[in-house]
Amino acid sequence: MGKRKKSTRKPTKRLVQKLDTKFNCLFCNHEKSVSCTLDKKNSIGTLSCKICGQSFQTRINSLSQPVDVYSDWFDAVEEVNSGRGSDTDDGDEGSDSDYESDSEQDAKTQNDGEIDSDEEEVDSDEERIGQVKRGRGALVDSDDE
């Protein structure tokens with residue numbers, strides 16, 4: 001006798017996990033308080049926090065999702081916090097960075113109204129060369145003797 005034929009299994013539908021559209025605020029730390037809207041017509045993604053009122057806008061493309069706008073916001077906040085976002089170096093004056101040298105400050109205090117010893121030597125060399133060219137001190141005796 002023959003075996004009973006097994007029925008074929010139907011393929012299972014894949015569950016597509018939707019990405020979040022509500023996020024945690026980076027400033028006030030409230031959960032799911034940041035909502036994201038995508039304006040694909042104008043290519044602008046906007047985030048805004050309902051609690052603290054913080055907002056952010058960035059350019060998007062046709063494939064962008066709300067999580068992309070949130071990640072851009074996260075990167076921008078990190079960039080500002082690390083100091084790379086500012087154009088001025090005002091915050092660097094009081095810090096003790098490994099890359100700063102104290103010799104720059106020493107040079108500034110020395111050059112305030114004082115002449116550097118190297119500059120004095122250059123001035124005396126220029127005067128000596130100028131005297132030779134003007135004929136005050138002849139290097140070679142003339143042939144007229």
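Each Cβ is built from the backbone N, Cα and C atoms, and glycine gets one as well.
Swiss-Prot marks one residue of Ser35, Ser62, Ser103, Ser117 as phosphoserine, namely Ser117.
When Ser33, Ser48, Ser55, Ser71 are looked up in Swiss-Prot, the one carrying the note phosphoserine is Ser55; the rest have no such note there, which does not rule it out for them. Residue annotated by Swiss-Prot as phosphoserine (from the set Ser97, Ser101, Ser124): Ser124. Spacing of Cys49 (Zn(2+) binding site) relative to Ser55 (phosphoserine) is 6 Å (Cα to Cα, whole number). Neighbour counts of Cβ atoms within 10 Å were compared for the binding-site residues Cys28, Cys49, Cys52, and the top value is held by Cys49.
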